Amino acid sequence: MTQNTFFSLFPHQHLLGIKDLSVQDLTILLDRANANVPFLKKSDKKQSILHGRTQINLFFEASTRTQSSFELAGKRLGADVMSMAIGNSSVKKGETLVDTATTLNAMKPDILVIRHSCAGAAALLAQKVDCCVINAGDGAHEHPTQALLDALTIQRTKGRIEGLTVAICGDILHSRVARSNILSLNALGACVRVIAPSTLLPASIADMSVEVYNTMKEGLKGADVIMMLRLQQERMTGSFIPSIREYFHYFGLHKENLAYAKSDCIILHPGPINRGVEIASDIADGPQSMIHTQVEMGIAVRMAVMEALLDSRLKASGEKK
């Protein structure tokens with residue numbers, strides 16, 4: 001299938017959140033990402049799809065997996081990739097996000113990838129620049145490419161998403177990963193559960209079309225997929241749990257709690273992992289863990305997203321590839 005066939009019905013020029021995508025949009029991106037996976041296993045991994053195009057990564061929050069994944073995805077497609085060193089930039093001198101955006105826009109990039117601590121930062125940027133904008137995480141709001149790579153991991157491992165029971169466990173309140181995954185997995189036909197102490201659940205959880213559990217025993221019963229989330233202590237301003245030790249006992253994934261799920265369930269984690277806090281080392285490194293597969297799928301997904309957005313923008317502008 002050619003690139004044009006994949007993206008002929010994809011209308012978006014930015015990826016700001018899963019909430020903006022239809023089931024058809026999700027399917028297009030996942031199908032293209034799935035087609036990218038075999039290519040990533042070849043010795044020669046470089047394509048020329050984005051040759052002559054410029055990608056700028058603008059990360060205002062620390063990142064290892066996501067930033068390096070976007071860098072590799074862009075380079076695999078042949079783009080010129082520049083990652084801004086925020087610590088050495090004018091942002092540290094008081095420059096606003098909008099001023100930074102307009103400065104970068106003057107450099108005529110084709111793709112701008114942003115991670116920021118403020119919800120809505122990517123959407124604001126998209127209004128100020130003339131290129132494709134990809135949200136790599138905005139506060140506790142959304143992380144769309146993480147949800148896409150999680151969906152691809154599940155789909156390739158389990159053969160489907162529709163009809164599966166997916167349990168998302170941990171700090172739901174502060175997690176942009178949880179929000180994006182709830183949206184995508186619900187849209188793709190999964191039964192989504194969340195498991196957390198009441199202090200780590202958002203007030204809006206009742207409106208998210210999920211089943212809510214306050215114990216791992218009940219929440220993991222019959223689960224096909226377990227997605228563990230770390231405690232985001234950098235976003236916490238009060239006391240949300242009695243102690244780390246107690247939290248791990250009741251809400252961590254260890255052998256005792258894992259036994260409640262299906263014997264063939266798979267385990268996901270967006271990283272970074274806090275071993276002994278939300279997941280035991282033997283589980284994170286065990287045969288049911290798909291954590292390294294998620295990293296691999298991340299490159300395939302981000303390649304697909306950049307291809308799709310740029311293809312849509314070029315069609316809208318009438319510019320040749």
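The backbone N, Cα and C atoms fix where each Cβ goes, and this holds for glycine too.
A simple way to gauge crowding: the CB of Gln146 (carbamoyl phosphate binding site) has 26 other CB atoms within 10 angstroms, across all the protein chains here. Under the heading carbamoyl phosphate binding site, Swiss-Prot lists Arg65, Thr66, Arg115, His143, Gln146, Gly271, Pro272, citing sequence analysis as support.
Here the Cβ of Arg230 (L-aspartate binding site) has 19 other Cβ atoms within 10 Å, regardless of which shown protein chain they belong to. What Swiss-Prot lists as L-aspartate binding site is Lys93, Arg176, Arg230, and the listing cites sequence analysis.
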Hey, for the carbamoyl phosphate site built from Arg65, Thr66, Arg115, His143, Gln146, Gly271, Pro272, who else sits with CB inside 8 A of the CB center?
Ser63, Thr64, Ala136, Gly137, Val177, Pro270
Fewest other Cβ within 10 angstroms of its own Cβ, chosen from the binding-site residues Gly271, Pro272:
Pro272
Counting only residues 6+ apart in the same chain, whose Cβ is under 8 Å from the Cβ of Arg176 (L-aspartate binding site)?
Gly137, Asp138, Gly139, Ala140, His141, Glu142, His143, Gln146
To the nearest Å, how far is the Cα of Gly271 (carbamoyl phosphate binding site) from the Cα of Arg230 (L-aspartate binding site)?
8
